[in-house]
Amino acid sequence: EVCSEQAETGPCRAMISRWYFDVTEGKCAPFFYGGCGGNRNNFDTEEYCMAVCGSVMSQSLRKTTREPLTRDPVKL
């Protein structure tokens, strides 16, 4: 999955400002791209990053969200 890949600068040395989706934070974050190599989690704008990967956050929340535990009152 594109959106779960780590930010990867690549082997070149350009300092191109790009965005990647950070699954830990559940949002897009800036990073510097070297200009070659790298991976597909590399977007020109934050808006485009969120358009592609924003649903990943809601899908992962649905998988990890559980019903709250209900407890019977303790009787002494």
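Every residue, even glycine, has its Cβ placed from backbone N, Cα and C.
As annotated by Swiss-Prot, domain 'BPTI/Kunitz inhibitor' applies to 1-76.
The DSSP secondary structure for Cys53 (disulfide bond) is helix. Within 10 Å of the C-beta atom of Cys53 (disulfide bond) sit 23 other C-beta atoms, taking all shown protein chains into account. Per Swiss-Prot, the feature disulfide bond maps to Cys3-Cys53 (among others).
Among the features that Swiss-Prot reports, disulfide bond is placed at Cys12-Cys36 (among others). Cys36 (disulfide bond) falls outside any helix or strand according to DSSP and counts as coil. Under 8 Å, Cβ to Cβ, and six or more positions away along its own chain, Cys36 (disulfide bond) finds Gly10, Pro11, Cys12.
Taken from Swiss-Prot, the feature disulfide bond covers Cys28-Cys49 (among others), and the record attributes it to sequence analysis. Sequence-distant neighbours of Cys49 (disulfide bond) (same chain, six or more apart, CB under 8 Å from its CB) are Trp19, Tyr20, Phe21, Cys28, Phe43, listed in sequence order.
The motif 'OX-2' annotation in Swiss-Prot covers 56-76 and is backed by similarity to another entry.
Note on the disulfide-bonded residues Cys3, Cys12, Cys28: the fewest other CB atoms within 10 A surround the CB of Cys12.
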